[in-house]
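Remarks on the structure that follows.
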Amino acid sequence: PSCLGYPLSIFFIVINEFCERFSYYGMRAVLVLYFKYFLQWDDNLSTAIYHTFVALCYLTPILGALIADSWLGKFKTIVSLSIVYTIGQAIMSVSSINDLTDHNRDGSPDNVSVHIALSMIGLILIALGTGGIKPCVSAFGGDQFEDHQEKQRTRFFSIFYLSINAGSLLSTIITPVLRAQECGIHSKQRCYPLAFGVPAALMAVALVVFIVGSRMYKKVQPQGNIMIQVSKCIGFAIKNRFRHRSKEFPKREHWLDWASEKYDKRLIAQTKMVLKVLFLYIPLPMFWALFDQQGSRWTLQATTMDGNFGSIQIQPDQMQTVNPILIIIMVPVVDALVYPLIKKCKIDFTPLRKITVGMFLASLAFVAAALVQVQIDKTLPVFPTAGQSQIKIINLGTNDATVQFEPKLQSVDVMSMKSTGYMTFETSQLRSLNIASGNKTINAVVKLPGGSRHTLGVKNTATGIDVKWLFDNVTSKPEEGNNLIRFINNLPDAVNVTMGDTSFGILVPLSASNYNLFPGGRQDKIVAIRNSIPCSVTSKAFGFGSAYTIVINRCVGDTLNVTYSEDIPPNTVHMAWQIPQYFILTCAEVVFSVTGLEFSYSQAPSNMKAVLQAGWLLTVAVGNIIVLIVAGASKLSEQWAEYVLFAALLLAVCIIFAVMAYFYTYTDVNEIEAQLDEEEKKQAKKDQDAYEKQSEAVSQM
């Protein structure tokens, strides 16, 4: 059965690919944040495990190809590994249910190791599944066409690439939204089970769709794996060359010719072509090392930025969607506009030059990321070191106050109802404070533990100056763009304070609550109940990643009067500043990735396409391993420096590649194949003649 000139079975395969990619990229989008916030790992461990997982996903295709070609055939391989994959996704979503081990119901898992073990098993199964079916699905699609449908087959591969990007685009938009929901049985948490559960369900859909089409598929029997033959041929050539290493044996023009005792000329010629391309692949992993950090380092960078796009709230893991959106726009633009323009300018933009330009652009993208990082670092607060103390003063009284830090360290004036920023002192030097307000003065001895922040509340009352020390136990910026809020009661009576759904409890006069976490970018209603009379006001917008102390001053009618004191400034660098680096990196991907596959296919004999596909995926895996090594070995404390380091490494590799490309001669595969056919024909004719002569001789006897 066919439809629009395509075999009907193709539609099942494209839908299957869409669901599978949705499932994979959706899971991958929230993965690094799951490690960081749910499993409570630090940035470096999260990055490391993320890249280990991606590397695994690109190593397993070699296994998948071997199973399909030598043993099960493509159809059975896809079905059986998809089942493994679905189970992996399901385990992943179970591992993220915090109620699983949260016995004391405080909202965080009590036994994290259970969750870690489950998610690792899940990730290994997913890597087996996604990697194992990756080389089979596209090839299986190609198998569905007859030989005369060359044009449809090419169009199929473009549709196939589009369905990959459509799947990844939708899932990178949808999954983070699911993650940002609040869910849970006993306590409301970020909804990771939903974020992992939807991909799991889609994988099950993909599997069902694929099996439903079973009757229509053209199933080619497994032919034996060409990779094994190539490896054997190379192995034999090396062994044979080693045996004949003494001077008396004549040299051969290429070391692979030493395999000619055992393997036919055609296989040797084809292997030479493949090795020529594989040699060029050696520098390519460095590109992927940078490219795949979008999901790890760049996502973590977005968590320290401001995601407020007017009415829309962008989650940090959603910034990755910029990549597939741009891909869908850029691929046609580059093909239809950019390349023709370059051609018009009489520049020969060969595939290898395109790849070189791609590497250069990716290195540029990381320079852009480093510049953004420098801007972010400027906005981060400086916390005290072990020997320092930081003090900020809030004047809660109606008179201005002057505070003198003794012995003669510094003096500050604080207006009524205002506060200072944090001032840093060496803990050992600070002995006492002299506070003057109105016509009263007071002297207070200071004993502070080092390495912490404190807030000093000062209030001039009828009876004297009240002094209130608060310990600020916040030593880092709130994660995930959340805000920390606490209250000081500056009323003469006790009040019961709530903000949004969060209760801060009853505060006696001049006391402070603890900090509570609130999601970023929201405005909540503050309600203070005093003598059972409620008073309320809507809070200001706190932005992302800030900490505030809110002072409750008085109640006029039913309106609350509050003042805000900023303890940690909100993230001020806007997430839109990540767009340039994503744009440059996407341009790099368009000229690098698309060209690389095309080039490989044009330079290899038809039956060796699988070997090169495996080699190409291997470069991605090695790239992710490079991230582990560089990030582990560099020990750079500054994130921007690490970005610059990666940019520099890729630039160096790019120059090496340009030199290799300069010396590369393009092969015309068809010409070589034709030559081989010609030689085989001649050889066959010779054999035929010899055989005829022999039979004549025999018949004359």
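Including glycine, each Cβ sits where the backbone N, Cα and C put it.
Helix, strand and coil content of the compositional bias 'Basic and acidic residues' (679-695), in residues and according to DSSP, is 17 helix, 0 strand, 0 coil. Residues annotated as compositional bias 'Basic and acidic residues' in TrEMBL: 679-695.
With a cut-off of 8 Å between Cβ atoms, the residues of this chain six or more beyond the region 'Disordered' (678-701) that come close are 265-266. According to TrEMBL, the feature region 'Disordered' maps to 678-701.
Residues annotated as transmembrane segment in TrEMBL: 48-68 (among others).
Among the features that TrEMBL reports, transmembrane segment is placed at 75-92 (among others). Within its own chain, the transmembrane segment (75-92) has Cβ neighbours under 8 Å at 20, 23, 27, 64, 67-68, 118-119, 121-130, 132-133, 136-137, 140, 196, 199-200, 203-204, 206-207, 210-211, 214, 217, 219, counting only residues six or more beyond its boundaries.
The feature transmembrane segment is assigned by TrEMBL to 112-133 (among others).
For the transmembrane segment (154-174), same-chain residues at least 6 beyond its ends with a Cβ under 8 Å from one of its own Cβ atoms are 6, 10, 14-15, 17-26, 29, 138, 141-142, 145, 198-199, 317-318, 320-321, 323-325, 327-328, 331. Taken from TrEMBL, the feature transmembrane segment applies to 154-174 (among others).
If you look up TrEMBL, you'll see 194-213 (among others) marked as transmembrane segment. Under 8 Å from some Cβ of the transmembrane segment (194-213) lie the Cβ atoms of residues 9, 12-13, 15-20, 22-24, 26-27, 30, 34, 78-79, 82-83, 85-86, 89-90, 92-93, 95-96, 171, 174-176, 178-179, 181, 183, all in the same chain and six or more residues away from its ends.
Marked as transmembrane segment by TrEMBL: 273-291 (among others).
According to TrEMBL, the feature transmembrane segment maps to 325-342 (among others). Outside the transmembrane segment (325-342) by six or more residues, the chain places 161-162, 165-166, 169, 349, 582-583, 586-587, 589-591, 594 with a CB less than 8 A from a CB of the stretch.
The annotation transmembrane segment is assigned in TrEMBL to 354-374 (among others).
Per TrEMBL, transmembrane segment is recorded for 610-631 (among others).
The transmembrane segment feature in TrEMBL is assigned to 643-664 (among others). For the transmembrane segment (643-664), the list of distant contacts is 276, 279-280, 283-284, 286-287, 289-290, 293, 297, 352-353, 355-356, 359-360, 362-364, 366-367, 369-370, 373, 630, 634, 636: same-chain residues at least six beyond its ends, Cβ to Cβ under 8 Å.
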Non-local residues, at least 6 beyond the ends, that sit with Cβ under 8 Å of the transmembrane segment (112-133): 20, 24, 27, 34, 38-40, 53, 56-61, 63-64, 67, 77-78, 81-82, 84-92, 94-96, 98, 100-101
